[in-house]
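Asker: What follows is a single structure, and I will ask about it in a moment.
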Amino acid sequence: MKPTNEPKKPFFQSPIVLAVLGGILLIFFLRSFNSDGSFSDNFLASSTKNVSYHEIKQLISNNEVENVSIGQTLIKASHKEGNNRVIYIAKRVPDLTLVPLLDEKKINYSGFSESNFFTDMLGWLMPILVILGLWMFMANRMQKNMGGGIFGMGSAKKLINAEKPNVRFNDMAGNEEAKEEVVEIVDFLKYPERYANLGAKIPKGVLLVGPPGTGKTLLAKAVAGEAHVPFFSMGGSSFIEMFVGLGASRVRDLFETAKKQAPSIIFIDEIDAIGKSRAAGGMISGNDEREQTLNQLLAEMDGFGSENAPVIVLAATNRPEILDPALMRPGRFDRQVLVDKPDFNGRVEILKVHIKGVKLANDVNLQEVAKLTAGLAGADLANIINEAALLAGRNNQKEVKQQHLKEAVERGIAGLEKKSRRISPKEKKIVAYHESGHAVISEMTKGSTRVNKVSIIPRGMAALGYTLNTPEENKYLMQKHELIAEIDVLLGGRAAEEVFLEEISTGASNDLERATDIIKGMVSYYGMSSVSGLMVLEKQRNAFLGGGYGSSREFSEKTAEEMDLFIKNLLEERYQHVKQTLSDYREAIEIMVKELFDKEVITGERVREIISEYEAANNLESRLIPLEEQAS
């Protein structure tokens, strides 16, 4: 399908601009006439000169003028010099001697009107015409952006460009299950008669759900690319405008265009922009533009397509829980395909896809990079590869090395290294104790994740240091002891400050907030406390966007007080436990702090080595948690 967008005309070929220029020229032309229809002296003159009234009278007295025209406020005197006629113009002043002087010198004189009907009329009409022209210009621009004319404002044809993507399933790695779910969609589009002969009904819609950056749009393009069918793509927000009824009209145009080129695919990205549930919290939302657009979408999905010329709707969202139930029923979106974050093998495959065209050194180990990036989506991995290439180029390297990839991972997780942010030795010491506390507790707590690196170099917007914990695999479930372990690790920084410096700082504010949220989830959502038992008190907001827990109160004031007391007591209990552990390993932490102060960065291996050496020197039983007992 050829793009329907017409090429823009040059600015000076715009009808409105031409009309304005024509009006200006017309004004100048009409001003050249006198009120009786004859050409004015100004138009016939070769030149005009503005002079004083005294000079005009002097010219008359010296017989240097031939004709004089007297107006209400102006006086004109004409004089012919050879083939040239000169007009002298002056402001008129009350003077009873002027006419006798003209009679005495026998100079022709007459009166003239300083305005005429045409210019007076244009003086009234021009402001109206200018305002009308500007209004038409703005309305025309708005209508073009909306894809329609004055009487076809809702047309979406100019917004729709069919494409045939060259993306294939081989270009998308890390989501094999999702690809398997949509492979038969390709078969439906290629051979619709095979299924029609069997009496099978082709799915009308497939909803792709998952966290941001996991490749939902790429998967939709791959389906169209494999099936070799037209691909119509629009964002959910593209349907909504300020004019009521415009969204519904665009939906009609989109489906009408797709049906003309069937078999084809319609892809609606971020469908939650128009597909949000019409009943929010038990209250019906207003009959607004979004609701009309949704109703039209529901009607179109009920009545379009045939078995021999199918049109399949693919849609993507990371907020499936807010979609309208009518949109999710069978017959509309028959299937939901989860496009989740990749596991270890998936991350390796995604990295292999994105390193194509990147010059890699021999020391690059993609498996190690995949271990460091658990929990990251495909878009994050693509960004890491690109960031590593940029780092290599910035360092004037000819190849991307493993160190560049590791640095890119740290940038993605912890933020940009702030070498220019100078902190005082006192603050540096506080940060060193804080991060050492996190690291030691992480290595000595069952269910926590292994330490990969400890740094006191500022990164990101606010972090003055960080402890990089990298689980080797994504976590889909967490046991109670793992949640407790995470709380202990978060409290380790604050506890180290109090144990070793005997004073606390503001650096643990985010740690305390996260620890509180974990316990709140245990009480109100996971049923892991005596306060709520198995009762769920709050609902999780969004599984894919990490929205935390709902703020709606579905419990009594007494229960709220018990929740607050439970959270406070558990935090205090874990805090005392962490402080005792750090006190037991005081000398090991002092060694760690000294190395951090000198080197600014130490590895996880060095952290474990310091703890092991301290335990061996003091004949202590090892409290280091083996790798197999840590969260993986």
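Note that Cβ sites are derived from N, Cα and C of the backbone, with glycine treated the same way.
OK, Swiss-Prot features for this one:
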- Glu435: active site (ACT_SITE)
- Gly210, Pro211, Pro212, Gly213, Thr214, Gly215, Lys216, Thr217: ATP binding site (BINDING)
- His434, His438, Asp511: Zn(2+) binding site (BINDING)
- 1-9: topological domain 'Cytoplasmic' (TOPO_DOM)
- 31-116: topological domain 'Periplasmic' (TOPO_DOM)
- 138-632: topological domain 'Cytoplasmic' (TOPO_DOM)
- 10-30: transmembrane segment (TRANSMEM)
- 117-137: transmembrane segment (TRANSMEM)
Asker: For the binding-site residues Pro211, Pro212, Gly213, Gly215, which Cβ has the most other Cβ atoms within 10 Å, all shown protein chains included?
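Answerer: Answer returned by the neighbour count: Gly215.
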Asker: How many whole Å apart are the CA atoms of Gly213 (ATP binding site) and His438 (Zn(2+) binding site)?
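Answerer: If we compare the Cα positions of Gly213 (ATP binding site) and His438 (Zn(2+) binding site), the gap is 30 Å.
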Asker: Output the one of Thr214, Thr217 that, of all these binding-site residues, has the highest number of other Cβ atoms within 10 Å of its Cβ.
Answerer: Thr214
Asker: Which residues in the same chain, at least 6 apart in sequence, have a Cβ under 8 Å from the Cβ of Glu435 (active site)?
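Answerer: In sequence order, the residues whose Cβ lies under 8 Å from that of Glu435 (active site) (at least 6 apart) are Val454, Ser455, Ile456, Gly465, Tyr466, Thr467, Gly493, Leu596.
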Asker: Closest to Pro212 (ATP binding site): which of the binding-site residues His434, His438, Asp511, going by Cα position?
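Answerer: Checking each of His434, His438, Asp511 against Pro212 (ATP binding site), the shortest Cα distance is to Asp511.
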Asker: Near Lys216 (ATP binding site), which residues of its chain come within a Cβ-Cβ distance under 8 Å, counting only those 6 or more away in sequence?
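Answerer: Within the chain, Lys216 (ATP binding site) has Cβ neighbours under 8 Å at Leu208, Val209, Gly210, Asp269, Ala316, Val339.
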Asker: With every protein chain in view, what's the tally of Cβ atoms within 10 Å of the Cβ of Asp511 (Zn(2+) binding site), excluding that atom itself?
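Answerer: That number is 19.
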Asker: Out of His434, His438, Asp511, the binding-site residues in the record, which is closest to Thr217 (ATP binding site) when you go by Cα distance?
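Answerer: Spatially nearest to Thr217 (ATP binding site) by Cα position is Asp511.
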Asker: By CA-CA distance, flag whichever of Pro211, Thr214, Gly215 among the binding-site residues is nearest to Asp511 (Zn(2+) binding site).
Answerer: Pro211
